Amino acid sequence: MERNSHLRTTIGEPLLNTVGASRVLMVGAGGIGCELLKNLVMSGFQDIVIIDLDTIDLSNLNRQFLFQKQHIKKSKAKIARESALEFNPNVRIEARHQNIKEEEFSVEWFKGFDLVMNALDNLDARRHVNKMCLAAKVPLIESGTAGYLGQVTVISGDLTECFDCLSKETPKTFPVCTIRSTPSTPIHCIVWAKSYLFGLLFGNAEDDDDEVMVKEDNADDETAKELETLKAESQALKTILAQAGQEGFTELVFNKVFGTDIERLRKMEDMWKTRAAPTPLNYNQIMDITGHLSQQLNVAPESTTLKDQRVWTLPETVTVFGDSLVRLTERLKELRESDPEASISFDKDDAETLDFVTATANLRAHVYGIEEKSRFDVKAMAGNIIPAIATTNAIVAGLMVMLAFKILNKRIADCKTTYLVYDSRGDRDQLLISEKLAKPNPRCYICRNAYIGLKIDTTTSTVQDFVDIMEDGGMTDVEIQENGRVIHDPDFDDNLGKTLAELQLTNGKFVDLVDVDDRKVIVYIIHRDSAALDGEKFILEGDVHKALVQQDKLRKTLEQLKAADAAEEALEAARKAASAPAHKHVEDSDIVMLEEEETRKRKRDGSLEILENGPLKKSSLTEPAHPSELGGGSQQPHAVSNDGVGDGTSAEQAVDVDEVVMVDGEEVDVVILE
């Protein structure tokens, strides 16, 4: 039987031919990616490009079924290709073990695909692919899973909202003094190890990285002094780094970080009044007791799972710390022989960097009496890995292929966003919930601005040439930025004579332009040698004037939305005012007197109970000119009751409700005579 006979019957000959002739880009070959690639090769797709920078790790094998134990440390993209070809050897699959953000994967490259499918697990890459597809005008199928939850949707130019139309949860930030001085949870120790100590030893510390730590914004002298001390400690550690490679280097670093620095913190007695003080460690004391443990840690490959998923003992942790420190400093030394500015970045799939972060985080946790974590747990926490379940991935991948069929069949209007939901209580009778594709958010900078390609020789064309091109299109007083970097504005023209290449405005770069009327255009640079431009100085792929007209329309829409928001706020304020309870007018027959002595007595015997949140606040009533006319000469708190109890006297002077009490089981409002 012919392989595609059942598929032809299911989706029809015309669509099968369209699917077979399409070229698909699949970004990510992990949990969703493995399931998706298998589905694609079994669903009639004949031309697939896979790109993934990651390598296979032991922890992947429980759900990424295209990989096996012998594939560990190999390229995910390449092994996925090999495994998928066993399902269908007739498919053309190109595997790229690269970063999707590399320069060669430009807008022009994206234009070579009929469809892009995201199977990524991090926000930065998803935002990048979203932007590239919008610029290239290629439909994108976006997916994601987290445990039992999943989502699939379609992103297509002006038809749907894009990935950035809705704000995404930002990574957790931590106060710098919590990370440096008073950690209380395992994640504090991991962030310190990954983003502070690792960067300090092997690159540039991420002290100012908003995704990691936030300096506390206060003028407290003690906090400022502590930050200065921490800065001095960092400089001292950098001095020790000059001895890298020499005997005793590991001991110096260890005793500085886990000994001297901790001793200094212990002397700050006020810091430990409400928390346990940290306990310093000494390298020689630990090693003298246990001896060198490298041999003990050389666990056979068959025991790798146990090694990764159990928490190391203190001696084991010290040994891993020393071993990874030496290996990384040697690697850094080799890198800096060719590039003095070279550094090493943490990578959850780099064994040596993960070992170092795991060891230092757990040593830090040990010092502070915090729960220590296994290498497996640290990898998940430090790598910000979204938890994944094989069944969730399989369902989401199947939904992606169904959407691909609709897109290729020119039925994008029939596509829907589908959510995979999980209800542990069993109250929900649906596993999948679908809704119409949302319209673009008019406030979204990424998809509501026009994308225009500019083919130009970046080595000879200047910023002045760039400005002239855009002003000829209708923009005035242009401001130019690239990734937040100001290239030119009317008050800053220092770069006008520089070439685009000199300012790193090279092939594939996105440049943001805004004019005096606040009209925005995004230009992506396409480098072409002058000889390839057919005698032209530049070629624009798009109409600047048309883009500006669209921006004018968008601006009017935003003004209308702003006015509508203001009207809604005013209406809501009016609703609240209308629904606010009116002052209660209390008749003089509703006044009950409680003398001070009687009040004390009633509180003691329980017949008067103070209620903190009474239903009446600041109600208005009147008081007679002389309190004695109400049966008492003391201006003590009085109670307003609705039980009809009163002395029948009239009231004239205003008083306010103070609080609610219970008198003999009846709720009344206490008032203060004024």
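Glycine is treated like the rest: Cβ placed from N, Cα and C.
Curation plays no part in TrEMBL annotations; they are all automatic predictions.
The coiled coil annotation in TrEMBL falls on one of the ranges 17-47, 513-543, 544-574, namely 544-574. For C447 (Zn(2+) binding site), the same-chain residues 6+ apart in sequence whose C-beta sits under 8 angstroms from its C-beta are L134, G157, D158, E161, C162, D164, C165, P440, N441.
Distance noted between the C-alpha atoms of D124 (ATP binding site) and C444 (Zn(2+) binding site) is 17 Å. If one looks beyond the transmembrane segment (385-405) by at least 6 residues along the same chain, the residues whose Cβ comes under 8 Å of a Cβ in the stretch are 11, 15, 19, 24, 30-32, 34-36, 38-40, 43, 45, 62-63, 65, 115, 117, 119, 121, 141, 143-152, 154, 348, 379, 415, 418, 420, 432. D121 (ATP binding site) counts 21 other C-beta atoms within 10 Å of its own C-beta, drawing on all protein chains shown. Each of the binding-site residues C162, C165, C444 was scored by the number of other CB atoms within 10 A of its CB, and the lowest score belongs to C444. Cβ atoms within 8 Å of the centroid of the Cβ atoms of C162, C165, C444, C447 (the Zn(2+) site) belong to the same-chain residues L134, E161, F163, D164, P440, N441, I446, R448, site residues excluded.
Over the coiled coil (544-574), the average per-residue pLDDT in this prediction is 82. Assigned with DSSP, the residues of the domain 'Ubiquitin/SUMO-activating enzyme ubiquitin-like' (454-529) fall into helix, strand and coil as follows: 13 helix, 28 strand, 35 coil.
Around the Cβ of D124 (ATP binding site), a 10 Å sphere holds 10 further Cβ atoms from the protein chains shown.
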